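Each remark here refers to the structure printed beneath this line.
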Amino acid sequence: MASLTRNVLLTFLCVLLGFACFSNAQLSANFYGTSCRNLQTIVSSAMRQAVNREPRLGASILRLFFHDCFVNGCDASILLDDTATFTGEKNANPNRNSARGFEVIDTIKTQVEAACPNAVSCADILALAAREGVVLLGGPSWAVPLGRRDARTASQSAANTQIPAPTSSLSTLLSMFSAKGLNARDMTALSGGHTIGQARCTTFRTRIYNDTNIDAQFAATRRATCPSSSGDANLAPLDIQTPNRFDNDYYQNLVARRGLLHSDQELFNGGSQDALVRSYSTNDAAFRSDFAAAMVRMGNISPLTGTNGEIRRNCRAIN
């Protein structure tokens, strides 16, 4: 009876707080406490080797997790390769020629399978790897709720329509995050993930040539390596000062009109998020705390649990 009462109360609370709570009730930070005790050590060690080899991979893995969670939940669907009979998400517009780090997840999965066969999902490995990448670049840590299972399907069409584009307006960003159960503060904090990593010229060309809310010297610097009609794959740091260190420089850049993507600068452009951006730009601790909390909430978007989905043996293919 007590258990039934608890479940009823929990369900009621979840209804009040939004759909993301439903998934949170089924995940646990110590889910693999007996079935794979060394899981976090394995992931941490492999990510350290990867980031030491190429610091950008910390940002790449974080982006993979974001793009995974925004398409039918955090279910590792983004890791699936296309085949003659299966269309995955890797060639969707937001991922084609830009999503990267898949081989790092492959390496971790191989090591985890050797230690704990058929126990740990690719979705949970990706969630843990994203956290480790942030930590290794100087960012905050958080307890990652675990217990996700892997999707047997993917949706290229959903990837094309549900992942925010670098040209998005503030209202579009707010709407797209809200559709996933994330509020405006979550959106602004998660956007701070752009304090690390690189972007391709094609994603910011319009910003540096056409936008008016941009620092002139910054625009000139970026135009030097991003021509108006070529060089689509040329890279530029999302945070011009410290692209390999997780800090609040991203928000300082927005205040100075040095956001690289149009969607970045939309967070500080006379709109509803200006005050929060200014706060994060001077209070790194507040940003770190909010980012960690928002990562947990994003990781709770519609996971497959229980008997749903599967535990893939190879993250690139359905069993």
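We count from 1, first residue shown onward.
The backbone N, Cα and C atoms fix where each Cβ goes, and this holds for glycine too.
Remember, predicted model here, so these are calculated numbers, not experimental data.
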TrEMBL annotation, disulfide partner among CYS36, CYS69, CYS201 for CYS116: CYS36
According to TrEMBL, CYS315 takes part in a disulfide bond; indicate which of CYS69, CYS74, CYS122 is its partner. CYS122
Candidates CYS21, CYS74; TrEMBL says the disulfide mate of CYS69 is CYS74
Of all the binding-site residues given, GLY73, PRO164, which residue's CB has the most CB neighbours within 10 A? GLY73
Residue among the disulfide-bonded residues CYS36, CYS69, CYS201 whose Cβ has the most other Cβ atoms within 10 Å: CYS69
